[in-house]
Amino acid sequence: MRPGLRTAALLRPRGKSMGRKNRSSCFFPKVEECVLNLGKFHNIVRLVAFCPFASSQVALENANAVSEGVVHEDLRLLLETYLPSKKKKVLLGVGDPKIGAAIQEELGYNCQTGGVIAEILRGVRLHFHNLVKGLTDLSACKAQLGLGHSYSRAKVKFNVNRVDNMIIQSISLLDQLDKDINTFSMRVREWYGYHFPELVKIINDNATYCRLAQFIGNRRELNEEKLEKLEELTMDGAKAKAILDASRSSMGMDISAIDLINIESFSSRVVSLSEYRQSLHTYLRSKMSQVAPSLSALIGEAVGARLIAHAGSLTNLAKYPASTVQILGAEKALFRALKTRGNTPKYGLIFHSTFIGRAAAKNKGRISRYLANKCSIASRIDCFSEVPTSVFGEKLREQVEERLSFYETGEIPRKNLDVMKEAMVQAEEAAAEMARKLEKQEKKRLKKEKKRLAALALASSENSSSTPEECEEISERPKKKKKQKPQETPQENGMEDPSVLVSKPKKKKSFSKEELVSSDLEETAGSGNLPKRKKSFPKEEPVSDAEEAGNKSIPKKKRKFSSKEEPLSSGPEEAAGSKSSSSKKKKKHQKLSQED
């Protein structure tokens, strides 16, 4: 049986039977000879059944099932359909031992792996495109390559240890930075020591020494004014005073300006590396509190991260027994002791925790064994718990402290059952509190999302409503201009329209009272002839505020005269004709007087 990358095929050796191990062992040399030759390979192997996968997704599912040792439904259907019903007489050759064990357990067929089966499968892979009609070598290679890429992407995407990778890389980089910073700091000490050798004895910290070398530069320029800055760098007034005194009586050699520039630039690089190391340590602490809070609470972030990195992942560390965790990191010493039949090591990486250093010499092995037991429990809690919490790690740390005090003073510690009951209660409370916080955060997020959507809807509605209003304003503006144009045109043409005479008082600000009276009489005469248009005048002629303020006196007189002569306008036509003739005579007299 061959679970291919794009197909599932069932093949059978030619001949009477290859059913037992003695027959297969005799068959092995013949298969080795015939694998490379297609004609001979056809004589020993024939295709029984071929079931192509429906899609690439189905092929990926089958590949994942084979890798995990699970019998897929497609494989089950193929075997049950084409294999004989008498299962005891069938020997099924399978390439993968895990899937072979699963088939034998679930379906009851005897499975064999290795030996001649591997050689037959090698020949099948080589000649498979010739065994199946319509399948070419190029298409088979493309299908295998595409499924291989999909399988690899799925394995990377669904890697259960992918969160641990960041911790492993961070702790490895942290250890490398420690080594590099120490090497570079020794180089700065040796280089700047030619000029100021007394500074090495005063300052022991590497980062502080590099900062001082960058700040001091030429020791001859160091004076009392820089004493305050020295105290800030050294965090000690006595050391700052000692540095100032040593600079005045130093035995170092003089150094050129270009050498000082190179020393200062190199020391600045070392200072930046030390600052980055601190930020990386903060990042590691935050990642450990998320991934393994119990383990970091028990033995610290750095030691816990080293254990995870050495094991390969948190899952692998959780699978290790406590005895393996105890000597994890001391493999060379262990195998050397086994080889020489000496004493095996008592501790590995867990030696860097504070508990073993605090214990007495005779109790170091005992406390390391107890600490490894608690580390194994903490790693399993972190790996398989749904809600990460540091409650169990804190309780386990208390147990280690009690056991340490028991070795020193003989005080009996609490039982593990009682401690775990307390931890369970606190863990449930912590989980409930975390759930409440998550609910609050979700509610806040939903509120913000609603506000954002409401603001977007309001903005869109404003944009949609503003467009028709702007169109109306644009359409109204030319209408007003059209209304004003016919009012100006009759004045230019000299036409006598009563609707135009109403706007003339705007220009007659300097006229006499008699002229005003005559003009009012003409207006009343026109109003008698056109009573309907009089009501529509104010609507058609919009007057500005400035013009109204300037002509306040004129409208008042107009109202008085119009109120007096309104009944005359309602009289017979003769009265209107006589008034119009009298007004014409007055106009002629006025023109004559102006000419004289």
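Each residue, glycine too, has its Cβ placed from N, Cα and C.
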Matching range for TrEMBL feature annotation, coiled coil, among 57-96, 137-176, 417-456:
417-456
Mean of pLDDT values spanning the coiled coil (417-456):
88
DSSP-wise, what's the residue breakdown of the domain 'Nop' (291-409) into helix, strand and coil?
92 helix, 0 strand, 27 coil
